[in-house]
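Participant: Sharing a structure, written as structure tokens. Questions coming.
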Amino acid sequence: MGCFGCSKKSSKRSETNKDTVINRKIVGGTTSVAKSDKRDDQTQPSSDSTKVSPYRDVNNEGGVGKEDQLSLDVKGLNLNDQVTGKKAQTFTFQELAEATGNFRSDCFLGEGGFGKVFKGTIEKLDQVVAIKQLDRNGVQGIREFVVEVLTLSLADHPNLVKLIGFCAEGDQRLLVYEYMPQGSLEDHLHVLPSGKKPLDWNTRMKIAAGAARGLEYLHDRMTPPVIYRDLKCSNILLGEDYQPKLSDFGLAKVGPSGDKTHVSTRVMGTYGYCAPDYAMTGQLTFKSDIYSFGVVLLELITGRKAIDNTKTRKDQNLVGWARPLFKDRRNFPKMVDPLLQGQYPVRGLYQALAISAMCVQEQPTMRPVVSDVVLALNFLASSKYDPNSPSSSSGKNPSFHRDRDDEEKRPHLVKETECEGSS
């Protein structure tokens, strides 16, 4: 979705925008929406459950014009009916144009695969919002729009961005979200303005734990469970007090059910975050998201990008750079973001790096389940580091604020990482 919290137009997203999809094909053709007099009223937040066709070409013999076909897509999906009674509202295009001053350039926040994002104010709600407008020539389209609306209309969690409403009018497709004043995690890690204070260790662990809880909700709490498939720094938005929320659910898929272990699908996602097993086989699992989360956790710890083309070839891929260093704890201090200036707890660093190493294991069966990741990161986030304490430094005795009893309460994954310290 890009940055919700920026206040001026910027070209800083050009690199991120280019890597929205892997091996993605823009499908054309004349397939129309499958319609039936009797529809299953059960809404599922996945492209599996929404049979949406690409646009029909207006020049096709007997075809339907693009504007008409887009309207038919929504009607055939009963989109408005499916979100009735949910928290999402429907808006007219005129309402959203007025909210953004007719999409003025000074309201522009950012741009992603879906389209441009604008800041606006919905007068009748007296609420500042972020409005994402579908680029009809972009890499994402009606399918992703529908999946996003269905997913967020069904979801309700403090670590998922709130969908306020949508517009499906003529050929216009827009999504209206709560406004996230601190922008994206990417803004604070990789495009930090000169003079702006970098995220401290405690805030980084807070963001990691919150993002993990959002992922846990998708995997373990939603019915049916959902595979996110697009977890990355630019999709983690930050609210007041840096409360993290996952955003951009257009690529989400319903997870495997019963005795199935995976969902076979086209490979889509972002290079650098995509699990190698999924990229090679097209077999999507919940562990695919765990890999992506491990990359994000590495970014939080190191301050490096998932893919950085300014580095030497062998160091461009963050996971490829980190794997040899995971093998020896003595390398761990070399991996820390220099912007932290040594202000981090050594034990907390070891544990966080070991968790990320487990998440980015080559073999998906070796990666932890999300509930274990949440337990471990909740523990690290609650173990506050005080840089002003006499015993606080990146030396031998890092200072944690916690009860003595916490030693017995440490989750299994944290204890395991202390023993191993590497993958």
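The backbone N, Cα and C atoms fix where each Cβ goes, glycine too.
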Participant: Can you tell which of K132, K162 Swiss-Prot lists as binding ATP with L109, G110, E111, G112, G113, F114, G115, K116, V117?
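Facilitator: Among the candidates, Swiss-Prot records only K132 at this ATP site.
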Participant: Find the shortest Cα-Cα separation between V117 (ATP binding site) and the modified residues T92, Y177, T265, T270, Y278, and name the residue that gives it.
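Facilitator: Result: the closest of the modified residues to V117 (ATP binding site) is Y177.
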Participant: What is the nearest of the recorded positions G113, Y177, D230, T265, Y278 to T92 (phosphothreonine), using the Cα of each?
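Facilitator: Ranked by Cα distance from T92 (phosphothreonine), first place goes to Y177.
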Participant: Using DSSP reduced to three states, classify Y278 (phosphotyrosine) as helix, strand or coil.
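Facilitator: For Y278 (phosphotyrosine) - judged by DSSP and reduced to three states - the answer is helix.
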Participant: So which recorded positions out of L109, E111, G113, G115, D230 end up within 10 angstroms of T270 (phosphothreonine), measuring C-alpha to C-alpha?
Facilitator: D230
Participant: Could you round the CA separation between Y177 (phosphotyrosine) and D230 (active site, proton acceptor) to a whole angstrom and send it over?
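Facilitator: That comes out at 18 Å between the alpha carbons.
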Participant: Please give me the CB contact count at 10 A for T265 (phosphothreonine), counting all chains in the structure.
Facilitator: 16
